[in-house]
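One structure, as structure tokens, below. Some questions next.
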Amino acid sequence: DGTEPSHMHYENDENYFRGYEWWLMKEAKKRNPKIKMIGLPWTFPGWIGKGENWPYDYPDVTAYYIVSWILGAKQYHDLDIDYIGIWNERAFNSKYIKLLRYTLDKHGLQQVRIIASDRLWEPISFVLLLDSQLRGVVDVIGAHYPGTKTVPNALLTKKKLWSSEDYSTFNDEVGAGCWARILNQNYVNGNMTSTIAWNLVASYYEELPFGRCGLMTAQEPWSGHYKVEAPIWITAHTTQFTQPGWSYLQVDGHLKGGGSFVALTDGLGNLTIIIETMTHDHSQCIRPPLPHFSVTPQRATFYLKGSFYMVETLQVWHSRLGFESGNSSLFQQLHPIKVWRGSFSLDLNVDEVYTLTTLKTGQKCGCPEPPPPQPFPSNYKDDFNLRNPPFSEAPNFADQTGVFEYFINASDPGDHVFTLRQVVIQRPITWASDADQTISIIGNFKWVNMTITCDIYIEKAHDGGVFIAGRVNNGGIYVRRAQGVFFWVFADGTYRVTGDIAGEEILMKGLSGVRDNAWHTLTLNIQGTSASGNLNGYPLWENVTISKPSNGWAAIGTRSFEFAQFDNFHVE
């Protein structure tokens, strides 16, 4: 649902302080030093393909790019990357994977493991069985949205099997049910010992394609409001009572009345059992489709054998998802269970999760109430005048194609020293269908009438151009079809008003006198079914009729992948 800045925008460029990921990784390590770090490219900068939309023609260049990121993580942030992937949900290349392993080893990164191919179980499993050299360098097979099932070839490889991307479901109680079910059943049905949720926290505008598909929601940085949603407490049932490095016990985890259980140990005598009884309609994930099954209330008896026979009591944590009744009970500590001669019984209702554990460390935080929700400010300004910004990008702007970064104009006489600059000057090796223009959105999707003013500076001579826009109605993987009211000015002295980012629906055009390498002020005013535009404070066009869309975000952007600057942004 947006773009992120690369550590290498250009061939001769390296910067390990862009974007939010470095901050996020360090925050994660603070909370759990044992957490694992995985890197996985979605998109590559265009220079890696030397003009082709493909990352494997120059595998040495791609490996260099990836290994640079891993080395930078250590050098600048003291972060150890544990696993590295190939290319998210796209083709893999055996020669590249072998070269990546060689390059990692050459730089002393033997401990970094390779996961492939973050797509489906095939063809990677089949290729691993055929190619012993490849089998020697791939440590984990990662599949996306496996529906709790694996395939025979994957099992034959004897590799670790992971659901390396899953969930992606709206974070209400059905989302929590989905997450509870797959966290257990990915192991019970598919032998997967890791399940990774996309995504961690929904911190992007909700009307983007995958709004609120995070384990929790924090999508109002302007108000500070956030919500710890039910999937977080479902996660806690597993993650508060296990750690990376624990082992699943190889038992059949299917319950007679439906539902499942898993049991894990640290190998030092601790035992954690997680039980879920999610019903079909209350646990559907976004994908794949879920075949019908039934779950009924049941009494389950567990028998502890071997060294676990000596366990006398187990701590109990319980969640019940309420659905129709609306009164869920999430992650409550119940009375401990007494184990009698290695066995105990439990009455299980439907849509419940239990954790039974020898650990006494569980906690449900009594956190202060977050601030109340507020809409995006109806009068918002940013002059980008920050000498040492905490992040490389301005707050609240959500880049959807291209990257907009704080920039210092050393040569400017004073009015525009600190600006926001679009810095991606070559179409990336794309993952989704990015637009052919760059765009960053901001504001409230429900906005109807608005006035947007921004100083703009075209850097590209002849065919360069920039826009400001309102009522923008799309982003993420659908950004190419974004509609709105787009006010463009071009380096050749012309202007256009279009109803879409692609520029196909032309509402007005003419001469503006705008040129490259000079500052100009654009104003776009949209009221009801009419729009008008000013240049440097004077009317340039007016009374353009707007039929659709009826509402949307404000936005800035460029005609192509080109340098351009923006300053004194104001929306009302």
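Heads up, the Cβ atoms here are built off N, Cα and C, so glycines get one too.
According to TrEMBL, the protein has these features:
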ACT_SITE  Glu89  active site, proton donor/acceptor
ACT_SITE  Glu165  active site, nucleophile
DOMAIN    1-240  domain 'Glycosyl hydrolase family 59 catalytic'
DOMAIN    248-363  domain 'Glycosyl hydrolase family 59 central'
DOMAIN    399-572  domain 'Glycosyl hydrolase family 59 C-terminal lectin'
Near Glu89 (active site, proton donor/acceptor), which residues of its own chain have a C-beta under 8 A away, given they sit six or more steps off in sequence?
Asp118, Arg119, His144, Glu165, Trp431
Pop the mean pLDDT for the domain 'Glycosyl hydrolase family 59 catalytic' (1-240) in here, whole number is fine.
98
As a quick check of your reading of DSSP, tell me how many residues in the domain 'Glycosyl hydrolase family 59 central' (248-363) are helical, how many are strand and how many are coil.
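So the counts come to 11 helix, 51 strand, 54 coil.
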